[in-house]
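Undergrad: Residues or ranges marked as domain 'DOMON' by TrEMBL: 49-180. As annotated by TrEMBL, domain 'Cytochrome b561' applies to 207-424. Residues or ranges marked as signal peptide by TrEMBL: 1-20. Taken from TrEMBL, the feature transmembrane segment applies to 242-265, 286-306, 326-347, 359-384, 396-419, 460-481.
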Amino acid sequence: MITAILLCAISWIATTTTTAQNLTSEGCGSKRSCWFQPGGCETTDIGSCVSSVQWTTESDGVVFEFQATIRDLTNTFNGRWIAIGFSKDDRMGDDSVIECIFKPSGDGNAYLSFNDMTHNRQLLQATTVALAETSGQIVDDRMMCKVKWLYGGREKVFEEDRFKVFDLESRPWTMQIARGEADHYSFSKMIHSTHDGDLFPWVTTSEVHVCRNCSDEKRFQYIKDMKQTDISRYWRYRIATIHGILLMFAWWVLASSAILMARFFKPLWPNTKLFGTAIWFQAHRNCLFVSVIIQVIAVFLIFLQSSFTWYGCTYECNAEAFGFKLHVNLGFSATVAALIQPFLALIRPGPDSNWRPWFNWVHWFLGMGAWLCATITFFLAVQLGKTGLHRNFQQTPYYIMGVYIATFVICSIALEIIASQSTMRTQKIGQHGMELNLLNGPSTEDPGASYPPRASLRPVFLVIHLLVAIAATCWISYMLIYNLEAV
Ligand code: HEM
Ligand code: HEM
């Protein structure tokens, strides 16, 4: 009996040792396909490779063997996971995944899963029909997983999930490899590291083939080109912070003040001109010009950090993902509307044209619509992971934003009440010949009114608004910068 147990133990050690020694680059590109991370580790010291994938095609499927070190996954209380993904691009999202999850004891199980943007869901039914000959074990500080992906398995996957299990032979793929820890109790995968370093996922920079009936060159590849990310996490977070600060300044400090100036300051200082034209007009035009330039820079930067990916919703489209989608769409619409405004102003009809009221209303509608979209976009930014606003400060950012909106609304109502005591518009043409001299439009005042009532009170409200706008922008900016220390 004892001899039998010993024999079993020896044979187990023999098998596992053989598997551990499997990390070799022999035959790569001639007998099988290989990809080691980081690039070139196998030529210097193969033991220093943090992970690797090797695969061979058989008549009924592809056998993948992938492994990774657990030395830097230090929480021994937790399980661990390693996964390879097949993607149409170099981003996480819309990827078919094969994963192995290991218990703290070292035993591993393989599953299929799907990356829905930055969420991952296991596909249990698909696993039972599309994977075979699976094995997983932690040996010598390495997670090792072996699994056969059956070419014919995809047809048997539930129809509603089939699009998540790619037809691997249909095209070449960007391959991904990621690893992380798994919850001790449920063994569900926890997010991999999102910090720069060895634990961040890797992707191939050229596409890999997983085909049976193709040339040897495609069947046996040796992947040497790879990357982790185009822009490091360090810069991604800094760019997101700059994006937020610039946009708050552009909308709440510059655009809001410009809107108030155009609406309530036309009849003021009728005899003073700034560089040849009315003060309100200079303030309105110049503040918005600077605001639009800042907006374009801020939106360009955020697209740069996302490698110009346009985020839609995830397939599941939960509240968090929907909020992000709204942020992108409303924010982008606000910037586009703001960008259209100066061009519209350039081609505006003359002050006595019949079309002038149309221009006035469209200009007002676009401007206020854009302001509203931008403001909603700010609220939606609070939940975004990269701002850390909700994570670090819970409801406080909402309160700050709320106080600012209330100030803008109260100042607008107060100025509206003051302006309503002024001469209402009676004539069609303003008298100063200045541009955007609003009559027969949304503006309630005749710019030529001889004595604007409570003229000295109006700047007070403008200044109150400006102070609160600057305070709110600085406070939220501080919170965004604080988050950079925390990540
Ligand atoms: C366990 C659940 C997972 C979560 C919650 C998750 C979440 C994330 C997040 C938030 C990022 C973006 C980091 C940033 O922008 O700074 C990211 C990046 C990445 N993930 Fe995942 N991930 C998971 C699993 C996986 C799996 C299974 C794979 C594939 C094997 C994978 C592959 C990648 C890749 C290649 C990147 C870098 C490219 C990019 O930023 O899109 N992830 N992940
Ligand atoms: C009207 C103003 C805004 C516009 C037009 C705008 C526009 C956008 C766009 C288009 C994206 C997505 C880029 C992509 O698809 O890759 C984005 C992402 C983002 N925005 Fe804004 N945004 C605005 C305001 C803000 C504010 C005020 C903050 C911070 C307080 C902020 C924080 C972020 C962050 C952190 C992301 C990146 C999320 C990620 O990649 O995980 N945005 N924004």
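A Cβ is built for glycine as well, from the same backbone N, Cα and C atoms used for every other residue.
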Undergrad: Checking distant contacts: for the transmembrane segment (359-384), what same-chain residues at least six beyond its ends satisfy Cβ-Cβ under 8 A?
TA: 240, 244, 247-248, 251, 255-256, 259, 320, 323-324, 326-327, 330-331, 333-335, 337-338, 340-341, 344-345, 348-349, 390, 397-398, 401, 405, 436, 438-443
Undergrad: Grab the same-chain neighbours of the transmembrane segment (396-419) for me: Cβ-Cβ under 8 Å, and only residues 6 or more beyond its ends, written as numbers and ranges.
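TA: Same-chain contacts beyond the flanks: 252, 256, 260, 263-264, 375, 378-379, 382, 389-390, 444-445, 453-454, 457-458, 461-462, 464-465, 468-469, 472, 475-476, 479.
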Undergrad: With Cβ-Cβ distances below 8 Å as the criterion, list the same-chain residues six or more beyond the ends of the transmembrane segment (286-306) that contact it, or say none.
TA: 231, 235-236, 239-240, 242-243, 246-247, 249-251, 254-255, 257-258, 261, 331-332, 334-335, 338-339, 341-342
Undergrad: Mind checking which residues of the chain, 6+ beyond the ends of the transmembrane segment (460-481), have their Cβ under 8 Å from one of its Cβ atoms?
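TA: Residues packing against the transmembrane segment (460-481) from afar: 241, 244-245, 248-249, 252-253, 256-257, 260-261, 264-265, 387-389, 392-393, 396-397, 400-401, 403-404, 407-408, 411, 414-415.
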Undergrad: Take the domain 'DOMON' (49-180) and count its residues per DSSP category (helix H/G/I, strand E/B, coil), listing them in that order.
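TA: Split by secondary structure, the domain 'DOMON' (49-180) comes out as 22 helix, 74 strand, 36 coil.
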Undergrad: In the predicted model, what is the mean pLDDT computed over the domain 'DOMON' (49-180)?
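TA: Summarising the domain 'DOMON' (49-180) by its mean pLDDT gives 96.
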